[in-house]
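Feature annotations, courtesy of Swiss-Prot:
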SIGNAL    1-17  signal peptide
DOMAIN    29-134  domain 'UPAR/Ly6'
DISULFID  Cys31-Cys55  disulfide bond
DISULFID  Cys34-Cys42  disulfide bond
DISULFID  Cys48-Cys73  disulfide bond
DISULFID  Cys77-Cys104  disulfide bond
DISULFID  Cys105-Cys110  disulfide bond
Amino acid sequence: MLLFALLLAMELPLVAASATMRAQWTYSLRCHDCAVINDFNCPNIRVCPYHIRRCMTISIRINSRELLVYKNCTNNCTFVYAAEQPPEAPGKIFKTNSFYWVCCCNSMVCNAGGPTNLERDMLPDEVTEEELPEGTVRLGVSKLLLSFASIIVSNILP
């Protein structure tokens, strides 16, 4: 009986404190909030509503050179689970408008940054030219002799 009274005396102040001081201990999650192109660094931070307990980062490929990066608060992270994702559309291949990188987390400003290999993925367009072997000429720079040889060979062959 004495043990029960001691336990009750120890727990009662904790229950009273949590009931009366709930407003001071409200979990106010803070997340980055932005929608930008090709940049995972977002300076804006917002305080999420009380019932929302997760931050998200979604990046979607717009085209081969641009990513739309969206960061905000969310209460639903099912988009990261394979079982919750919609099935693939049959017969259509989408080269753009697909997820590039997603993140869902539940701590203060946890959606900062993004993947570090973005620079390697977004390479500039460059033309690759191979060296021509000896004796060949570039298209449009052909010599008169090669033109005549081509005409003669095309007339000889059936």
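Every residue, even glycine, has its Cβ placed from backbone N, Cα and C.
Taking the Cβ of Cys48 (disulfide bond) as centre and 10 Å as the limit, one finds 19 other Cβ atoms among all the protein chains shown. The two recorded residues, Cys42 (disulfide bond) and Cys31 (disulfide bond), have Cα atoms 10 Å apart. Mean per-residue pLDDT, taken over the domain 'UPAR/Ly6' (29-134), amounts to 79. For Cys105 (disulfide bond), the nearest neighbour among the listed disulfide-bonded residues (Cys31, Cys34, Cys55, Cys73), judged by C-alpha distance, is Cys55. Distance from the CA of Cys110 (disulfide bond) to the CA of Cys77 (disulfide bond) is 14 Å.
Around Cys55 (disulfide bond), the same-chain residues at least 6 positions away in sequence with a Cβ under 8 Å from its Cβ are Leu29, Cys31, His32, Cys48, Lys71, Asn72, Cys73, Thr74, Cys104, Cys105, Asn106, Ser107, Val109, Cys110, Asn111. Cβ-based crowding with a 10 Å cutoff singles out Cys42 as the top-ranked of the disulfide-bonded residues Cys42, Cys73, Cys105. In the shown protein chains, 17 other C-beta atoms lie within 10 A of the C-beta of Cys77 (disulfide bond). Less than 8 angstroms from the CB of Cys34 (disulfide bond) sit Cys42, Pro43, Asn44, Val69, Tyr70, Lys71, each of them six or more residues away in the same chain.
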